Amino acid sequence: MSAEIDEQYVTAILVTHDGVTWLSEVVAALSSQKFQPDQIIAVDNGSIDGSQKLLRNAGIPIIQQDREAGFGSAIAAAVKSLPKLEVTEPGVESNEWLWILHDDCAPDRQALKRLLTAALERPQVGIAGPKILGWYDRKHILEAGISITENGTRWTGLEEREHDQGQHDEITNVLAVSTAGMLIKRSLFEELGGFDPSLELFRDDIDLGWRAHIAGYSVICVGEAVLYHAEAAASERRSVDVKDAVLHRPLLLDRRNAAFVLLANSSRWILPWVAIQLLFTALGRSVIYLLAKLPGYAADEIAAIGLLIFKPADLIKSRRFRKEGKYLSARVIKPFIPSRSIRYRLTLERITSSVFNAFKSGKNQEEKIVNRSYSDIGVIDESFDELEYVPVKRFSKIRSLVKHPMLFGILITLAISFLYSRNRIGSLSGGALPVAPDSAMELLKRYVDSWHLVGLGSSVAVPTWLPLIAIASAITLGNPQTFLSLFFYLVPTIAFIVFYRSATRFALAKYSAFTAGLLYAFSPVILAAINQGRIGTLAIALILPSLFTLMPKDLRVEKLSLRRVAGICLIAAVATAFSPLFGIGWILLHILVFIQQYVSDSINWRTIKWQEILQNLGKDQFKKRAALIFAPIAMNIPWAFSFVLHPLRGLLEPGLSVGSSGALSILMFNPGGATAPGLIFIAPFTFFLLISLITKDHRDSALFGIVTIAVAATLSTYYVSGNGSAAQRIWTGPLIIFAQTLALLSAFSLFEKLIPILRSTNIGYRHFLSAITAVVTAISFVVLPFWAATVGADSLVRSNQDQVIPAFITDLASISAKPKTLVIRKNSEQLQYFITRGGDLQIGDPDMASTTPVEVHKAITELVSGVGATSSQVLGYYGVQYVFMKNPADAALVRTVDGIGGFTRSSATKDGVVWKVNGAHSRLTLVDKSGQFFSLASNDKSSNAYAAKPGTILLAEKYDDAWKLLLDGRIVKLTQSQFGTPAFVIDKPGELSLVHDGTARRGWVSLQLIAVLTLIVLALPAGRRRKEVPLEELV
């Protein structure tokens, strides 16, 4: 083999362009090669640094080109200067090779020899390349052969910052190798026509390798041949001056050339699919770059596709050229194109690795390994070299878990939740939680719609938490039912994680954070919220600890960065979306802090003038405080504006109204209510607040917590109507969450400081208080999780519950009349009713329900009282065609309805009793001048029908100004009927078009989207341009 190598003639072609920084090492590496190239030719593309001088001093001949010349043209110029390739015998290939080098790559001294040896052992090989390591960190692998994905991404198949441990030292077949160190047969190079002139820089290597495969040759990567590459152009360490580099932007040229390679070499029948992938990938990447605050890179992604669309001539020419030199099908390269499953698996591995690294417990400073010198060993005796067997300590798995309290806590909460959630597997409903649809798109559609099919209809703004549920359900493939089931199962675990991490950031020891996290995860308020389906309180429980971590302890914001302020605003806005009560508290808190700090910072605030006040408000700290106050409102418009018109709605929890306990229970941090933990399960949070009053450092937090729980107890004594027809106590779960968070952080911080003091002092009142608190804490620590795993599983929220509405009424929703049904339930205390359009209430419906019209409420009241002579007429005008009383039905009430005119009993089944409302209207009705009624076809929210005669069009919906009726394209004036429903008077027959004008709604949603995107962009970390990455981070 040595003799065969000696017969080979290798020409090294070195291309330079302002590379003097690296060039001296490159020249030295060439001169130290074990197998010296027969000649070295340098091609300089208009360098303006000292590159040419350095090459001349090294005795290397130079071919000079323009500064705008491309890499491929430089190689072509060098090959052109060589003597004509001669073939001595037919069928015998030439022994000439081209070794292509960049001015920022240094080959190992064995590189050329190993490349030639591997290529000569495999006659079918036309191109060989080395394993490429980093220039600055020479233990990290950059490439071991390259490929390209279906969307144009450069693919190496390596892990992120993979360390070289010899794992890629074998010889492998690859699609292509980099032009840095590429060894190619001269005959193959000339047969392929060299590099494509349309690819002046970047991706020309992949294109050449692709064409070599099509021509019947193989491409290999020789792992034992090593080369170090600085990637100066790709990392923007030098300018890209080639002719096709628009605005000298490397990323733009790279993305354009990537798309060009795919479109020029792919089979014709898959070109449309390739083009679609390239387009959507460019759009996706541009969005990511915008979020990373790199608009230039975002523009590069879009412009790269635009260049190919508006300049297709080069692409057409290249495809024709490839067709002429094509020997094999393009399918030969399929094994080298990474499949989606491989790409997704690698992405998942990176995400998993990041998650596990985030959960690793940090080592204490004293546990870190410190390098020691030989002098630290001391005197070495004769036994130093003797082998000693030291017994290895073995620990049980439980003991190992205890050393990692966060992981241990996660396993505990998952195990308890497994038992706790045994009745909540599937589609959940019950308590405050209505049933969810099986499609996230349904929730998003309802959020954008201006008219909602709830009761008699509603144009109330949809709460912002509804699309958040839809977006979050992406993790369950867009199924909100599955997401909510998973959410309720994982709430204790997530609550433990977020509180544990927040506690450790508040400088609590890991075992203190572990104990506090479990107390928080299985606190009575969280267990009650799970059992009663209160997703608002559960969301606050998961969000609030993060806000505690992000906000300064003294609540001063002047030192906060803009990004931190935006992040806090974003999280606070999400919390406000799930709990208006939290939003009210958040705004009041910051207003009070703003006033307090303004007064304390002003020396003579009583005599200050208005001009000085306005000037002070322009300071940075007040701008940040204003952002914290107004950003949560801006992100929740127009829903947040509804609280101005209806302030009491801000005290309502999302979902149906469900009863809770009174002030005494709240003071014990237990909101009570059906299926909540009983008052016998005493939570230790009250003791925590009282004990925290002992020390000055924790007194402010304790007082704040006491005031919060007192406000919660006071609010719980009031009743409010909403999200249902029955008044219930105000639910104060979010305030309890806030108070117990303060209690846990204050108390455990105090305990860590107090325990050493108690050990060193005589027994006193502090010892007794601490002992009582410890006992209560231990009981709560054990009893509440045990209750959850046993009795607590029997909750209001259950899976696959029976539907309230009978099936035959549900089926009526599909007919053109679109009938409504009045569902009545009466107990000894109060009357409950709701109007359905054929199905049970869905998630979000109670929050979108508007006030029942006075006429309808009066008609229903008179109906159950037995004096409703006109009840059927009123209900009929609103399209209520059936009345349903669910079993167990009140016998006296059934007789009352039977005795009132206008209602005919339709059926009495095990589900309940149904009456038909006589003379009820369909959704859209024409009343002619003689008083006759004609039903018109209608959809759920719109209608296209023909009116055969003039008259009045009655719409069986709640009145709203946004209803529009067009008669032959002409707008008809909106009026009200005698019972308050929308009515339109038409003066002639014609085509009718009925719509609810959602222009205002779409405008508000657009403004909200702008506010959300602005905050997201401000909160995300700013990306760095490649040239901004410091040298120490480069590989």
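Numbers run from 1 along the shown chain.
Placed from the backbone N, Cα and C atoms, the Cβ positions cover glycine too.
Of the listed segments 535-553, 877-895, TrEMBL assigns transmembrane segment to 535-553. TrEMBL assigns the feature transmembrane segment to one of the listed ranges (206-226, 731-751), namely 731-751. It is 483-502 that, among the stretches 401-420, 483-502, 508-528, 626-646, 666-690, forms the most Cβ pairs under 8 Å with the transmembrane segment (535-553). Count of Cβ pairs under 8 Å against the transmembrane segment (565-595): among 401-420, 451-471, 626-646, 731-751, 763-788, the largest is for 626-646.
For the transmembrane segment (731-751), the partner stretch with the highest count of Cβ pairs under 8 angstroms, out of 401-420, 451-471, 508-528, 626-646, is 508-528.
Highlighted: of the candidate stretches 401-420, 451-471, 763-788, 451-471 has the greatest count of Cβ pairs under 8 Å to the transmembrane segment (626-646). With a cut-off of 8 Å on Cβ pairs spaced 6 or more residues apart, the transmembrane segment (763-788) and the transmembrane segment (451-471) reach fewer than 3 such pairs and are scored as not touching. Within the chain carrying the transmembrane segment (401-420), a Cβ under 8 angstroms from the stretch's Cβ atoms is held by residues 359, 361, 489-493, 496-497, 500-501, 510-511, 513-514, 517-518, 521-522, 530, 785, 788-790, 792-793, all 6 or more beyond its ends.
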